[in-house]
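Since the structure comes first, as structure tokens, the remarks are kept for the end.
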Amino acid sequence: MTSNNQSSPWEAVASGTTAAILANIIIYPLDTVKTRLQVQVHSRSKCTEPKEDKSRSPPPIHTSYDNVLDAVSHVVQEEGISGLYRGLSSSILSTASMNFAYFYWSTKARTVYQHFLETYKIPDSNGIVKELLLGAVGGAMAQICTNPIAVIVTRQQTCRGADEAKSILGVLKDIVRSEDGWTGLWRGLKVNLILVVNPMITYSLYQWLRGILLRFRKPLGFADVFLLGALSKVAATVVTHPLIVSKTMLQSKPPACRDGRAFRGFTEVLLFIIQYEGLRRLYKGLAPQIVKGFLVQGLMMMLKERTELFLRHVMLSYNKRLLVSGRGLGFYRTICCKEMCSINAGYAGVETETPGVPDGRADRLRALAYRSEVQLQDTGMDLYPQPTPTAVYSTISKLLANNMSSTASNTPFADPLWLNRPYSPYYTASHRRLQREVRDYVDTHIAPFCEEWEQHGSVPVEVQTRHAELGYTAVAAFPLAKDYLHGQRLPGDIDPREWDGFHDLIVIDELARCGYLGIVWALGCGNSIGGPPVINFGNEEQKRRFLPDILTGKARFCLGVTEPDAGSDVAGITTTAERKGDVYIVNGAKKWITNGIFADYCTAAVRTGGEGIQGISALVIPMKAPGVTCRKIRNSGVEASGSTYIEFDQVKVPVANLLGQENHGFPIIMNNFNHERLWLACTSLRMARVCAEDAYNHAISRETFGKKLIENQVIRAKFSAMGRSLDSAYAWMEQLVYMSEMARKDGRDIAMGGLFANLKVLAGRTLEMVNREAQQVLGGLGYSKNGRGARIEQISRDVRVMVVGGGSEEILSDLAVNQEIKAIARKAQSKL
């Protein structure tokens, strides 16, 4: 589980270093054996060990090992257990210094890179190649700084017998007194600089293998990704292992057969091995090298998070005692300044002076922030009067508890304000944790495959199964049926008792980030609108029968209201259900039923009585029953959603499947519309943000008439209009969700149907406007089904169903006015 709070860079490097040290301590004996196997020489004929004077020499030391177990056995027998831990203190120092040096130099490299981009006004790239290159620069500089301690560790690990064992200082003196002098401390540096490409090789191999596997299996599961990562790491190790061996031999004492003559470079080592040992010996110690890599990485990932949480807990406890005692206020003013800096490296060109901060203070405050990762934003607070200990601790606690999500986009208006600003009255740490998990899930397992699934017209069954296992099917139907989860995990590991309307809003919003409405609907639309009538109006027997399968994804529901001749006019439906004994005989048709082709059950509005709303009932119809016929409807968009035409011909449905009372189904259907329209509104606004994001990324890279597209005032005005519409509509939506939550908790029934209807209209119009303007920004690319404009083009075809589906603008606008008139009338009567 991820931490609720985002780690600062120093917290991350401290916990990472601690985890690396612990991991290396655990596997250190294997590291020692691996090093000894790599430096030993198995001569074929031409290189012989000098003869020893047995009269003066100590008991013989075993100098040649057959394998790892043989090496461990002889080291323990001849040198004791301590022989396996020789050089451990130096290794700990090496690990710590390497981690901190890498952090320092990679930060410096990133700062220089950002300065270069700002100086020459070059748009930033968020590609993996950039990150790998910056990491390589940081790694190279770290190797230069820490190579001496690495040489010392190798010498200590390869010394034989107690007489040769020396301290760090003793080994240092030996190296300096050798023929190399001080330069001996940098033996193997060239090889180390070459080896910084190892992560690049690993990543390139991973992408290549992934491309091959994707031809046969989509999408990739967790086991697939792990296997590909492991194979890539093994392959990269095999490719670079001869260099690793040559580096180890360069840094250790020369073999006895060379009469003390040190190797001059790694090429000489490679030629020596080939000449005297054979090509195969270039891979000596390969097995323990691979095992070590696996164990270290696995242990580091396992220990890092625990270490980070422990360190944070210790620091917060210590900080609280400091603040309560009134000490260390100056330090915590610095912390406050740093925490009020947003983690947003995407905004380039921050002004010299920061609004609300006195002259000269802005640079000092920026110096407190991590230059490569944070930029100061206007806090709207006076930071300079001395705060009280209680006030400072309160500020820090709130900032740590409600810190901004690390997953917010760097593109203007691409995310709601609560993800880009530190304050919101609605969201807690659990909401932020949930948002991070859903975003990672969508970016990894959904978004990369949406275009293909949409073209194919369906989402693979295994993807839907995994979707349900992760809890997304359980939370699709709102309100959450907490009593019927039976241990089902919820996304973000949220406690079911904590799940509220804002958790629901986050899941809807983040799933829609993929930009393909058909995929979003295929994954859960049917259950989200077909399940709530059972949750809200089903009797206990019906809930026990249907809800566990709905929540676990074993059964899929759809909602059957719209008919060929009745859409927004629900009272005009003509599908009939005539009762005969203990069954209803259903006849009629439903049209444009989302997920109908995949569904196991249809929660349908049927006519059991006379005309109008008084004769409507809600009935759960098994879709596999005799007489049910389904055929897929081809629409201009949402191809993967399974839009269906359903015919009922003398279908027998048990009376036990009736929800509520006969002829009282209209309120059940109408009650369901509120959440459906909220769902549609939230999805529309996120789709609009997708359009804004893709258009902005195009505008900052596209050059026209000698300048970037974004530098044209008319283009910037388009994005300003997008932002105004998006943020205002989203704020209203949050307010309505809050009102619904408070009413639900207080057990009050408030009329919100008109409000949700109007919200849905506003969100649909916002999507239409933003999509159109985004297409204008992209020009021809916005009309293309692939490339940079693919999502915008897809949304241009999906947008109509968001405007018409769930109630047309005209019907909903009229409903909104009628509802408000009635609400005012009720209020007036209550005063009389």
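The backbone N, Cα and C atoms fix where each Cβ goes, glycine too.
Annotations in TrEMBL come from automatic prediction, not curation.
Per TrEMBL, repeat 'Solcar' is recorded for 7-112 (among others).
The region 'Disordered' annotation in TrEMBL covers 42-62.
Annotation source TrEMBL lists compositional bias 'Basic and acidic residues' at 46-56.
Residues or ranges marked as repeat 'Solcar' by TrEMBL: 126-212 (among others).
Summarising the annotation, TrEMBL assigns repeat 'Solcar' to 220-310 (among others). Summarised by DSSP class, the composition of the repeat 'Solcar' (220-310) is 74 helix, 0 strand, 17 coil.
Taken from TrEMBL, the feature domain 'Acyl-CoA dehydrogenase/oxidase N-terminal' covers 428-554.
The domain 'Acyl-CoA oxidase/dehydrogenase middle' feature in TrEMBL is assigned to 558-651.
Per TrEMBL, domain 'Acyl-CoA dehydrogenase/oxidase C-terminal' is recorded for 663-814. Across the domain 'Acyl-CoA dehydrogenase/oxidase C-terminal' (663-814), mean pLDDT in this model comes to 93.
Residue counts for the domain 'Acyl-CoA dehydrogenase/oxidase N-terminal' (428-554) under DSSP (helix as H, G, I; strand as E, B; rest coil) come to 90 helix, 0 strand, 37 coil. For the domain 'Acyl-CoA oxidase/dehydrogenase middle' (558-651), DSSP puts the residue distribution at 9 helix, 48 strand, 37 coil.
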